[in-house]
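Step one of this worksheet: look at the structure below.
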Amino acid sequence: CLFSHKSSKREWKPLEDHSCTDVPWLLLFILFCIGMGFICGFSIATGAAARLLSGYDSYGNICGQKNVKVEGIVNSGLDLTQKKYVFFLDPCNIDLVHQKIKSIALCVSACPRKELKTLADIQKFAETNGSTLCSYELQPSEYTTDPRAAKLCPKYPVPESAPIPFFHRCAPVNISCYAKFAEALITFVSDSSVLHRLISGVMTSKEIIMGLCLLSLVLSMILMVIIRYISRVLVWILTILVILGSLGGTGVLWWLYAKQRISAGALETQIAKDNLQALLIYAIAATVFTVIMFLIVLIMRKRVALTIALFHVAGKVFIHLPLLVFQPFWTFFVLILFWTYWITVLLFLGTTGSPVPNEEGLVEFRMAGPLKYMWWYHVVGLIWISEFILACQQMTVAGAVVTYYFTREKRNLPFTPILASVNRLVCYHLGTVAKGSFIITLVKIPRMILMYIHTQLKGKENACARCMLKACICCLWCLEKCLTYLNQNAYTATAINSTNFCTSAKDAFVILVENALRVAAINTVGDFMLFLGKVLIVCSTGLAGIMLLNYQRDYTIWVLPLIIVCLFAFLVAHCFLSIYEMVVDVLFLCFAIDTKYNDGSPGREFYMDKVLMEFVENSRKSMKEAGRGGGAEGRELKPM
């Protein structure tokens, strides 16, 4: 971006010209996606898809078909056409380190639909259903007589199982097996019976959980409507509460310090002196914080008015563009589709390769040579394409809001500005989105590598190395957040002027620097308001959950269902209110450009809404009054 030669002082022409931007980056992104497709095709061509879907046993045989003999492996190359399901002799023995079940797997013709408690029951099941649950070298008649049966037959009691749809694996029906798996993940639960009750609580209250999730969705949509009408009152209430809280906390600390100082005269102990000194430090720190907070509010009180106006206009945007409300659903749906595809291919990669005997004499599939590093490419694809999808949402919202702002007659808006924005994105600006998302990917990958290294070295590295790792991770996180904010404004500039990413980022950066105080006010006051909105939705949903779950008598612990509901409520509130925040940011950049290049004179009329026009007029009046009071210097002040 440093090599962009276009001047940032050129004339802005909103929505007048549309041209393709960053085409080389679009071609690069397409080539990258072709590489992702090659990985998927390679894994399918090498039989990974068949092994994943049909399943395979511990000897390299794919269930439900004829197989080829693997050299050096007994029981390989069998005809298992009639045996279509994978059965694990010990399905609950899970190795978390290597992410696999530490059990011999066999192909069987049917899963045991009831619990089998003894070898005699296993033998009877084989004779009745024709499904042999012991290793291939044992005949059903030998189950109770052969001494090898203790090792080659399943661990009993054999739990009731059912085939997993589409994947032909016999999975235990009883959730206690999954609870044992969760015990290895949740190390702070020492009593396994507690974990069992937690999981049973989730299963019993699943209808309530779904209802509360729907409630959080409704509350989020209602809050978006309410913010428009109470934005002015809400901002000032929050500001007053923060100031009063700071003053009250400071006063209490000084009162406690004075009280302790009076009582410390009679009791001269080291503990009393330490407490008195600590109170003095706390009181001084609180006083400094209160003074700084008061000065910030005093300086930014006029900028708060702009935040209120932008929130009010954002409410009008959602009235004119109702499809904006559903934007998180579309993005989430596309992300779910991509993540499903990505996980499927990752599972393909886990079963791709040539059969190799391991130290136990069983078969594992491993890739050799450079192909074994394909999963790195696949991980980069997860980050880049996910960021690309999120950036498409930002560009779509920016394009729709820009269309709304720079259309003087709102009745002349397109029938569906969202679809018009999507059309412009697909036709002109996919390259810009690809470039912006790639920049975020370049920052995310090193941070994730450092986090992985920090996790692997936990407890082994010295204090200095641990501090440096955490500092690097923190710096990369801050850089990522700053670039994400700049990217969002660059997409807005692209939607306005149809310029490439670097030019748009530079223009947006110049505008933001010129309005630094306003940006600070909007990002502090506005984000704090939206954060309180998220807290309100989570608290309301949690309270409703407590009231409903309190009447359930089928289980004793309902903490886990409540945690699930609150996490989902926060996720839903964040999705909806982040769209609101995005709209406010786009409106602010449009407003800053509008006030910079227009002054309301004939031929240079403002595009802004009446609420923002009132803010500009009030600002002009304030500046004129300041000019009259400032003498000759004051007369040189010009309206914005």
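Every residue, even glycine, has its Cβ placed from backbone N, Cα and C.
The annotation transmembrane segment is assigned in TrEMBL to 23-45 (among others). Outside the transmembrane segment (23-45) by six or more residues, the chain places 341, 345, 348-349, 351-352, 371, 374, 377-378, 381, 384-385, 388, 430-432, 434-435, 438, 501 with a CB less than 8 A from a CB of the stretch.
According to TrEMBL, the transmembrane segment annotation covers 208-227 (among others).
According to TrEMBL, the transmembrane segment annotation covers 233-258 (among others). Counting residues 6+ beyond its ends, the transmembrane segment (233-258) has Cβ neighbours under 8 Å at 227, 276, 279-280, 282-283, 286-287, 289-290, 293-294, 297, 304, 307-308, 311, 525, 528-529, 532 in the same chain.
The transmembrane segment annotation in TrEMBL covers 279-299 (among others). Listed as Cβ neighbours of the transmembrane segment (279-299) (distance under 8 Å, sequence separation of 6 or more from its ends, same chain) are residues 239, 242-243, 246-247, 249-250, 253-254, 256-257, 260, 517.
The transmembrane segment annotation in TrEMBL covers 305-325 (among others).
Long-range neighbours of the transmembrane segment (332-353) within the same chain, counting only residues 6 or more positions beyond its ends whose Cβ lies under 8 Å from a Cβ of the stretch, are 36, 39-40, 42-44, 46-49, 51-52, 56, 365-368, 372, 374-375, 378, 381-382, 385-386, 389-390, 575. What TrEMBL records for 332-353 (among others) is transmembrane segment.
Annotated transmembrane segment per TrEMBL: 373-406 (among others), in sequence order.
Under the heading transmembrane segment, TrEMBL lists 528-549 (among others).
Annotation comment: TrEMBL describes 555-577 (among others) as transmembrane segment.
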Residues from the same chain, set at least six apart from the ends of the transmembrane segment (373-406), whose C-beta lies under 8 A from its own: 14-15, 29, 32-33, 35-36, 39, 42, 317, 320-321, 324, 327, 330-331, 334-335, 338-339, 342, 345-346, 349, 367, 413-414, 417-418, 420-422, 424-425, 429-430, 432-434, 436-438, 440-441, 444-445, 448, 487-488, 491-492, 494-496, 579, 582-583, 586-587, 590-591, 594, 607-608
